[in-house]
Every structure is written in structure tokens, then in C-alpha cells.
Amino acid sequence: MEDQNPPNSTSKLLLWFFSISACVKLLLIPSYHSTDFEVHRHWLALTRSLPLSKWYSDETSPWTLDYPPFFAYFERSLSLIAHLVDPRIVDVYNGLEYKANSVIYYQRISVILSDLCLVYGVYRLTKNLEVKRRDLMWVLVVWSPGLMIVDHIHFQYNGFLLGWLLLSISCLQEGKDLMGGFLFAVLLCFKHLFAVAAPVYLVYLFRHYCSRGFVRGFGRLLLMGAVVVAVFTAAYGPFIYHGQIQQVIRRMFPFGRGLCHAYWAPNFWVFYIILDKVLSVILRRLGFGIQIPAASFTGGLVGYSSPFAVLPRVTPATTFIMVLLALSPCLIKAWRNPQPGLIARWIAYAYVCGFLFGWHVHEKAALHFVIPLAIVAVQSLEDAKHYFMLSIVSCYSLFPLLYEAQEYPIKVMLLILHSILMWLGFSAQFNKKSVTKAANKKKGTQLEVKGSCERGGFMMGWVGKSYLFGLLIVEIWGQFLHSYFLGDKLPFVPLMSISIYCALGIMYSWIWHLKIDRVEGEVTPAFLKFPM
């Protein structure tokens, strides 16, 4: 193992990584921001100006509060400082659509500073790692282009929330199950969409923490339950007291929004929609009276999805069942052999399932699995190759969020630089010498690693190279050739092409997780091999 830096030196070096990224984020302050910027500004005003009992019932703005209470408390804490910066920021009536420099700089800087939670989570995960692996994970997480696009241009607080997730994972990996469960419960009270991984936590904690004999195990189960109940009571108790809990739940789970976001997230439902469209066209030409819905899945506006013309309508219950079915192999593994070293992989897999089969999934939810998978990416050559492909695909799938011309060079450069840094980092980590050494230590168990060693360390297979080259073709067509050849015809095709092509890559990632079996510290030959 390589020498490890002292803890003080490690933390200082990590802060330098954060400082470099913060400088880039400061330069992005004047860039485009989405309606989410006004959403969070209104939440500052709402939590500052109105009593708690009206937070989830106020309709002064169309951007109503729909995050769990801890995030509302977080906005409330930010509003205390915002009031000192500029009182109009937190004026619930006169502050609507307020776009002064004061609000832009305050909210942008609040996101940058909240990323310190992410930095601390990364520090906890990497403090005992080899220097190469540690630095590589810092690059993958702290300098993530996806976070840069979503949080610091488009505008959200995903880095802050993912910091809580990484802290929870670090505790579970260290055997601090109670603290890991506590932190995850806190995260759910910040953003309920992270609940997709709750079944993994439930099974893992029950098997790893509570299965210690009947008496001791039952005592630990009660303790864990008490901790979770205490967290949810702190979050939702005040709203139960004010008789607002039903309104809170209605806001948090607006199932009327429809199956898909207007820009289709690259998931399974893309193929379902395409099949419905193709069948409707074919049947109409054959003389069947198929009614084409007036609304469109490709209108580009956030709102309600149209019904299907041919295929059965998909309900929230259907997506819930499909997510659970997709999760079942992971839950079975966690039940049979709950290993702390595999918990990050299982949690990331859960978010892949939620992304692929969930209800009204946003493309930004790709961050939920890309960031945790950075923990896994430094563990083996096959994990690195898988992450290299998936990280590029997920980042590219975010491109439609930044649709203005002035941001185009920024998002392209972020993806190119990220790809170069990943390639250099993985090549240094998994060079021929290091892979040979790893293979010799695990003779008979790392056949794939040996094969890659013979090819010279970190190297993508022809399928992976071809697929990534296809991303370039999709981008060139959508950005340049579509308007040249088709003009204003079929304006939805460029976005649809991105969704479909990226969905293929993420579906491959899901299959990859299923096809390869792992135990802690080893890679078992897969029954299905793709030369990625």
C-alpha cells in the first residue's frame, strides 16, 4: 500500500481541491439559471415571511414548497442571512421574480458553501485510502461536471444532499450502523426522492446490525426504530401539531404530474413511449381508429404528460412494483451476505433502478447513482471501465438543461475535461504494472483483470468505444445537422435522440450490475461478458 498522508495534510489538500472547484463555480455566477432559481428564492421568502403552519398551503407563487420539512428548515436558516443581504429576497409578495445581483450572488454562493457537506462526506470515505485512489475519488466527486451543471449553472442543492448520503455510506462502511441509519433518515427528511435506497438500508441494517441473537438483536431493532422515529418526529411533528400533515404529503407526492418529465429522462419509459408512438402510427395506417393524444411527450415544458395511444396507461403503483422487482436481486444479496464493503455498490444500484423504472423521473436524478459509484470506481479495473462510460453518458444526458448558446462551450468543456481527467486517473491507477500485481494476488479469481492486464491496463473495449463515439454523432446531428437538413421540421428529434441513446447506456449499466457477481475484494467472472 502506498504511503498515506497525515489527516491534517489530507484535509488541507482536499480543501485545495474544493477551492479550485469553488473558483470555477464563482466564474459561473452570471451564467444561465433555470426556474429552480426562483423556486428556491421563493422558498426563502415563504419560510421567512409566513408561519410554519402555512408553508405547505401557500400558493402565492406557482413554485410551491414540495420538499420535506428538513429542507424547509434549511431554507429558513438561509433566509435569516438573506434578510440581512437584501430584505426583498425574503419578501413573499414583493420578491416574486426578483432578479437583482444581490439575490443571484447570495443564492449562488450559498450552493457553493453548502458543498462543504459533500467535501466532508468525501473526506470520511477517503481518509484511509491509498493516495492514488483517494485523489482519484476527489476528482470524480468534488470536480463532478454533473454537479457543476445541475447545481452551479442550472441551480439546485444536490451537492449538499449527496454529502449526507456519502456520510451515511462512510458510517456503514466503518461498521457504525446506527449512525449510518440516522444520517439516512435525516437525508430522507431533506429530500424524499432518496427513499429509493430505503429497502437496501432496511435489509442491510436488519441483517448486519440487528441479527445478533434474539434479545440483543431485538434491542438493536428497537434502538434503530427509535432513532428513525425521533428523526421523523423532529421533521414532521410540528406539521402534525398544526394539522398540516396531509397537505405536506400531497405536496411531496404530486402523482398527477404524469409518468415522464417533459424532457424524457433517459430511462426504460423512453422505449415504452417510443413503442406506443410507433404502434399508433402503424395501426392508424392499417385503418384502425387510434386517437392520437392532443398533448405531447416532447413539448419541452415541465408539466403533465399525455396519455398513451395504444399501450396501457402506467400508474404510480406499476412503477413502484417495477422498482422493487428490479431491486430484488440486490436485496437478496444484502440479506444473504451483508458486507460493509459492498453497501455503496448496492445503494448506487438502487438509485439506478429508481432512475430507470421510477415515476416522473428527472434527468438530474442521475447524480444519485453517479456520485456513489465514484466510491466503487476506484476498486477494480472493471468498475473503472464501467464508471468511465456511465459518467460520460449521465453527464451528456444533462446537456438539454443548458439550452442557451452561451452555455454550450461551458458544458462541452466540462465533459471533455472530466473525460480526460478520468482517463488519466484510471490509467495511472490501473496501469499494466499495478494490474499485474493485483492479478497475481488473486490468482484464479480475477480472470477479467488478467485479460485486461495483457491488453495494457485501463483500456475500453470496442463496444464501449463505439458507443461513446455514437454520443458524438448524436450531438453533431442535434446541434448542427438537424436544422441544416430538416429546418423547423420534427423539432423534438434532437432531444428524443439524446434520451434514447443515453437510455441505452444507462440500461447497459443496470444489466452490468446484474451480470457480474462480486464479493468484497474480489471480482468473479461474469456469465455475460461485454467488451466495454
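One-based numbering along the chain as shown.
Placement of Cβ uses the backbone N, Cα and C atoms for every residue, glycine included.
Sequence annotations record features per position, and here TrEMBL assigns transmembrane segment to 12-33 (among others).
Sequence-distant contacts of the transmembrane segment (103-123), counting only residues of its own chain at least 6 positions beyond either end whose CB sits under 8 Å from a CB of the stretch, comprise 10-11, 14-15, 17-18, 21-22, 25-26, 28-30, 33, 37, 40-41, 78, 81-82, 85-86, 88-89, 137-138, 141-142, 147, 151-152, 155-157, 159-160, 162-167, 169-170. Under the heading transmembrane segment, TrEMBL lists 103-123 (among others).
Beyond the transmembrane segment (135-155), the same-chain residues lying 6 or more positions past its ends with a Cβ under 8 Å from any Cβ of the stretch are 14, 17-18, 20-21, 24-25, 28, 31-34, 36-37, 40, 107-108, 111-112, 115, 118-119, 122, 125-126, 129, 162, 166, 364, 366-367, 370-371, 374-375, 377-378, 387, 391, 394-395, 398, 401-402, 407, 410-411, 414-415, 417-418, 421-422, 425-426, 428-429. According to TrEMBL, the feature transmembrane segment maps to 135-155 (among others).
The transmembrane segment annotation in TrEMBL covers 182-206 (among others).
The transmembrane segment annotation in TrEMBL covers 218-241 (among others).
Here TrEMBL flags 261-279 (among others) as transmembrane segment.
Taken from TrEMBL, the feature transmembrane segment covers 286-305 (among others).
Sequence annotations record features per position, and here TrEMBL assigns transmembrane segment to 317-335 (among others). Outside the transmembrane segment (317-335), and at least 6 residues removed from its termini, the chain residues within Cβ reach (under 8 Å) are 196, 199-200, 203-204, 207, 259, 268, 342, 346, 349-350, 353-354, 356-359, 510, 513-514.
The transmembrane segment feature in TrEMBL is assigned to 342-359 (among others). Long-range neighbours of the transmembrane segment (342-359) within the same chain, counting only residues 6 or more positions beyond its ends whose Cβ lies under 8 Å from a Cβ of the stretch, are 165, 169, 172-173, 193, 196-197, 199-201, 204, 255, 259, 265, 267-269, 316, 319-320, 322-323, 326-327, 330, 333-334, 365-366, 368-369, 372-373, 375-376, 506-507, 509-510, 513, 518-520.
Here TrEMBL flags 409-428 (among others) as transmembrane segment.
Away from its own ends, the transmembrane segment (467-486) comes close to residues 389, 392-393, 396, 399, 408, 460, 493-495, 497-498, 501-502, 504-505, 508 of its chain (Cβ-Cβ under 8 Å, at least six residues beyond either end). What TrEMBL records for 467-486 (among others) is transmembrane segment.
Residues of the same chain lying 6 or more positions beyond the ends of the transmembrane segment (492-511) and with a Cβ under 8 Å from any Cβ of it are 263-268, 270-271, 274, 296, 298-300, 326, 349, 352-353, 355-356, 366, 386, 389-390, 393-394, 396-397, 399-400, 467, 470-471, 474, 477-479, 482, 486, 528, 530, 532. Residues or ranges marked as transmembrane segment in TrEMBL: 492-511 (among others).
Outside the transmembrane segment (182-206) by six or more residues, the chain places 67-71, 74, 161, 164-165, 167-168, 171-172, 221, 224, 227-228, 231-232, 234-236, 252-253, 323-324, 327, 330-331, 334-335, 338, 343, 346-347, 349-351, 353-354, 358, 365, 368 with a CB less than 8 A from a CB of the stretch.
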